[in-house]
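**Student:** Sending over a structure as structure tokens; questions will come in a sec.
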Amino acid sequence: MSQRKYFGTDGIRGHVGLSNINPEFVLKLGWAVGCVLANGARKKVVIGKDTRVSGYMLESALEAGLSAAGVDVALLGPMPTPGIAYLTQTLRANAGIVISASHNLFEDNGIKFFSADGGKLPDSVELAIEAQLEKQLQTVPSAKLGKATRINDAAGRYIEFCKSTIPSLSRLSNLKIVVDCANGATYHIAPNVFSELGADVVPIGIKPDGFNINQECGSTAPELLREKVIAVGADIGIGLDGDGDRVILVDSLGNLVDGDQIIYIIAKDRHQRGVLHGGVVGTLMSNYGLELAITSLGVPFQRSKVGDRYVLEMLREKDWKIGGETSGHIVCLDKTTTGDGIVAALQVLSIMVKQNKALHELTAGIQLLPQTLVNLKTNNAALLASNPDVIQAVKNLEKHLNGEGRVLLRPSGTEPLLRVMVEGANASIVKQQAQMLCDDISQIDKKMTESLPST
């Protein structure tokens, strides 16, 4: 595959005003996308965004660039990422564009894309866009300029879709739900989804001001949600991130329920009903307890690289339906085309109602193992991960764990770090073993550095 200059694993992201998240680049990006998609024909693209103040600026730049390429634009306004994927399909658009930096704070923003079927753009299209970006911008003749329209009922359309992902007879009328919208794109959607299904909803994180997205709230900061669940005596808390593609839960006792546990609940229910369709996909970072719980059901479990993009790729490759990440990216391909926090939460709520069980009862079948993650500073992360002495040290520790734990080394793709993760049955022992392994690796790193020729 050709080397990418602009696209990362999930679009283009960065600090607003720095790197490529600026009006000049984004306008040309819109033009390049338009040229590649249109290829001389009239096309339509939908654009949605989260609640960051920079979203207005970037939306205008994209709109101008797309229009210059002769592409019509449908503006959705604030809309969860999975909602944009859904509306790309239903509006028969040729692509969907998301302006969001997901769970990051407001200073960051990003651009990512969906194809006409609501999936990720193929690599070939991303590479074609990159090639187009190297050319000089040329505006189509005035008679062929693209037009922009606003889809005023976008939120209502997506709300109805979310409700349709659980059985039509499902009622949430006996449930009290706290939902934290992270002052993000779900603020005007998630509370309505749950209340229209009959739940008693206590919403928080629903007052976005352009600057408070993900700020001490949402799926990455669940303490406020936990406190509210206990304070109001709720049955469940639902924590979404700024663009609505992640979800974590809190049970009535105040316990955090992460993505691994949510995957288990959904997969077990589908397996018991005979509608799971194959196995379950986690990632290299998924807790070993999830693997044990899933395989104990007689269900296959596979790990992809970290990132919802890779979970989706493996699900499609195997024609499986359920997968996700510990962070709360939950993919139900029998319902959606991408990770969807609201839809994942609805699956769990439907199971609670159908089985007449509390959330803590549904998580009883999965025992998460204590996990220690150490970020080891090194300039030789990739070399260390493949070093024979390091590999032997890992094998020695795995032998000591005796099949009741796991060791994982991951070089960071963005920082001079080697991430060392150890899982096992005993938290204090796992922590001790992780530190001992890191000490061994540090010694190997030191010897390696000393042996390298100086520059």
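Here the Cβ of each residue, glycine as well, is placed from N, Cα and C on the backbone.
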**Student:** The Mg(2+) site in Swiss-Prot lists Asp241, Asp243, Asp245. Which one of Ser102, Ser386, Ser412 belongs there according to the record?
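**Tutor:** When Swiss-Prot describes the Mg(2+) site, the candidate it includes is Ser102.
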**Student:** I'd like the Cβ neighbour count for Ser102 (active site, phosphoserine intermediate), meaning other Cβ atoms within 10 Å of its Cβ, all protein chains included.
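**Tutor:** Counting Cβ neighbours of Ser102 (active site, phosphoserine intermediate) within 10 Å gives 27.
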**Student:** Let me know how many other Cβ atoms fall within 10 Å of the Cβ of Asp245 (Mg(2+) binding site).
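**Tutor:** Result for Asp245 (Mg(2+) binding site): 32 neighbouring Cβ atoms inside 10 Å.
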**Student:** Reduce the DSSP letter at Asp243 (Mg(2+) binding site) to three states and note it down.
**Tutor:** coil
**Student:** What is the Cβ neighbour count of Asp241 (Mg(2+) binding site) at a 10 Å cut-off, with all protein chains included?
**Tutor:** 33
